[in-house]
Amino acid sequence: MVHLTDAEKAAVNGLWGKVNPDDVGGEALGRLLVVYPWTQRYFDSFGDLSSASAIMGNPKVKAHGKKVINAFNDGLKHLDNLKGTFAHLSELHCDKLHVDPENFRLLGNMIVIVLGHHLGKEFTPCAQAAFQKVVAGVASALAHKYH
């Protein structure tokens with residue numbers, strides 16, 4: 001569960017409506033793979049991940065980023081039940097994919113960075129703080145099965 005004030009909820013919902021989630025997802029996942037190259041090991045089937053330009057232009061990275069951000073979007077609709085919303089994905093990433101749960105936090109930070117890039121001056125420090133709460137809640141929910 002994420003506890004947001006009414007002002008934080010308004011900021012998150014208002015700003016989220018101003019971005020193209022598909023662009024945010026692909027760019028955030030791409031940045032994760034570039035900035036933290038050890039995360040590439042989970043994406044062997046994605047083809048060429050040999051350089052930043054290859055990663056950022058990779059259609060499989062963009063497609064998976066879209067899936068990631070669609071799940072994130074579902075989380076925004078269920079901030080009071082993130083553990084329930086992400087239970088299946090938590091189990092999948094823990095039991096089948098064996099993803100290090102720290103990567104969820106790293107990806108959340110990439111989402112925040114990309115939002116800042118796309119929203120510019122509208123992404124105020126208060127808006128960033130609200131989104132940091134959300135991505136921390138999502139990362140915690142995704143890591144829930146690991147506990």
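Placed from the backbone N, Cα and C atoms, the Cβ positions cover glycine too.
Note that the coordinates shown come from a computational prediction; the quantities given were computed from them, not determined experimentally.
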Position flagged as phosphoserine [Swiss-Prot], chosen from SER51, SER140: SER51
Of the residues SER45, SER50, the one that Swiss-Prot lists under phosphoserine: SER45
LYS60 (N6-succinyllysine) to VAL2 (N-acetylvaline) - Cα separation in whole Å: 31
Whole-number Å value for how far HIS64 (heme b binding site) lies from SER53 (phosphoserine) (Cα to Cα): 17
When distances run from the Cα of THR124 (phosphothreonine) to each of the modified residues LYS18, SER45, SER51, the nearest one: LYS18
